[in-house]
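Summarising the annotation, TrEMBL assigns transmembrane segment to A:20-38, A:185-209, A:241-263, A:294-318, A:324-345, A:352-375, A:381-403.
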Amino acid sequence: MSLTPLIIREVKAFVKNPAFIMSIVLLFVFYGALGRLISTGVQTVVEETLNVQVGVVVEDNSEFVNKVLSIANETSGGRLKLVGSVDSGLSMYEIVVVIPPDFTSRAMNLNETLVLESYTKINTVSPVVSSAKTGIAMTISELIRKSVAFTIAVENNIDPSLIEKPIVVNSTVELYGKTMRMEEYTAFSSILGIIPVIVAIIIGVNAMYASQFTATEKVEKAFEMLLAQPIPRRNVVFAKIIGSIVASLLMGIAYFAGILFMLSSAATPSAPAPSETSINLADFLYQTFGFESISISIVSIVLGLVYSGAIGVTLGSIVSDERIAGALTTPILFVFIGVGYALLFIGLPINVVTGVIAGVTIAPLPIVAVVSTMMGDTTTLAVSLLVAVVSTLSVMSIAVYVFNRDIVVLGLRIGRLKIRERT
Amino acid sequence: MIVELVLNIGVYMPEYAILTRNLTKIYRGGNIGVNSLTFTVEEGEIYGLIGPNGSGKTTTLRIIATLLKPTRGEVYVYGIDVVKNPLEARRLMNYLPEEAGAYRDLSGLDFIRFMLSVRFSGRRLEEAVSEAIEIADLGNDLKRPIRGYSKGMKRILALSTVLASHPKLLILDEPTSGLDVERSIYVRKMIKRYNKEFGITVLLSSHNMLEVEYLCRKVGILYRGTLLREGPVEELKARTNSVNLEEVFLKIKGEAA
């Protein structure tokens, strides 16, 4: 019986908290708008991809191959186009399939497996688009396999469903001009996909720490005493930002150390040896991303920490307690994750405009850094970094400005709702 | 007379520890914190601001302590404009807010050292720390985290840091608020001692009229943001034919209402 009023009080404390309501409204509006934007972007790129034509390089000029390709082309609605080489094919089409010289002999020998090579050109970070393209390459390969079975069946006057002809497709991806095997690309895109989340979590957690520390100081009633000391307010702000960064880094190190410990504990001596096709992730990342990209990504994270620290300190300084600080900064985490993913899923090209967006929002900055480095687009890279530095300095300036205003003592008031009671 | 002359000719006399001229603070929404407040505090004086809740005492103290900016008017601390040169002004003064607390995770000793390290370094810091330890008089409790302290202990701890910093001007907002009788007496004695021994000027606010009468030579009576009357305590008592400051306050407030 006595539990009910306690629960009602706790729930009411949150529901009647203006910061909590603002957070919900903000998230609802933000993700609603983001969803519409992503939906439109994804729909457009998928439609474009589905109508794509496929180049075919024939290295086995047999009558059998001609028949197979004829059937496959007819079945695909005329999407197969003969090209002279992989390079010329990729300059015209985004997907090229190669029929190797031993294709006919493998097709005729029942014990042999069909082998094809596919090349997919991907100039986007969108996992939706790249999945669609690699999916099309696999669909065409499957179509060729079925066409082989059909041709053999017709020539031997048997039922095509009785012919089991397995196929192996050696897929290669050309990402922003850099050639990599499919498994390498899969690893690359997986990492690229989690980068904005990792950065957003680091930024969001840091913002929370900064706001909580600042709000706690106000609750402890030591804040006004500190502000009355002969120290520039900007020093107070910088100290709080650096403090939150140190706390976030310690938490991050502990987190990654914990993950490594978990992985090492989970490993068993009888684990199978790595296969020939397995890849050394660290070496691969270093070779693919390059020292420059990795360095810029680290710089991005540092900028993001300062940026989010300044946001957190600002929010923490204008609220009255940790609860409101938490309610206000939690959405920041989701907003950063949303922005990071938006750049990925909308499939925006990496250019100066997206560089500016990434610079302002920080979370997608490592993606822009990685891709623009791969493309050799130093302008986009420089612009995004410059904008990120300017954004960070701007947010810090706002924090210092707030610390020099009455609001830091009186608290923020929105309309008639008081976030902090005036003394 | 001198004040009026100074204000009229617009020249600041540096012997005033505090000079406010037409000090006005209007909060967002139109609430008036203080309205055209003009008063002076002489060097070495203990000046008390008295008034009911919401009369503008804390607002006045916060403006002088550079925590709030006035909407209009001027404030000088030892000749320094606190709005234009807040950092310079803060070097001359220290402020104890109402219900001032301390960092929960620090020990009392660490808190003292931190608060004093923003003003002093080296040997001077060590001397100030020793002095604050003596003022706080918390014994071995100083080594414990502040989260275990009572309200009175926290208040004494905070007061020890502001006294040991030896500011030229000490601003105290309700210095004995929430303290028991013994601690209140101790705090009053310390304020008087530091004023006498080190010539520290004190501006304080209080609801406790007996306390103000004991500590202050001069008082200002605030009501709804306006300074109704100011002057030496004895003079105000004589003028209003009152036996104590409480009666003075009630009579002057009655006239204003």
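Note that Cβ sites are derived from N, Cα and C of the backbone, with glycine treated the same way.
Residues 202, 205-206, 209-210, 213, 305-306, 309-310, 312-313, 396, 399 of the same chain, all 6+ positions outside the transmembrane segment (A:241-263), place their C-beta atoms under 8 angstroms from a C-beta of that stretch. As a quick check, the transmembrane segment (A:185-209) and the transmembrane segment (A:352-375) clear the bar of 3 or more Cβ pairs under 8 A, pairs 6 or more apart, so the two touch. Sequence-remote contacts of a segment are chain residues at least 6 beyond its ends whose Cβ falls under 8 Å from one of its Cβ atoms, and for the transmembrane segment (A:352-375) they are 125, 175-178, 192, 195-196, 199-200, 203, 288-290, 292-293, 296-297, 300-301, 303-304, 307-308, 336-337, 339-340, 342-344, 381, 383-388, 390-392. In terms of C-beta pairs under 8 Å, the stretch of A:294-318, A:324-345, A:381-403 lying closest in packing to the transmembrane segment (A:20-38) is A:324-345.
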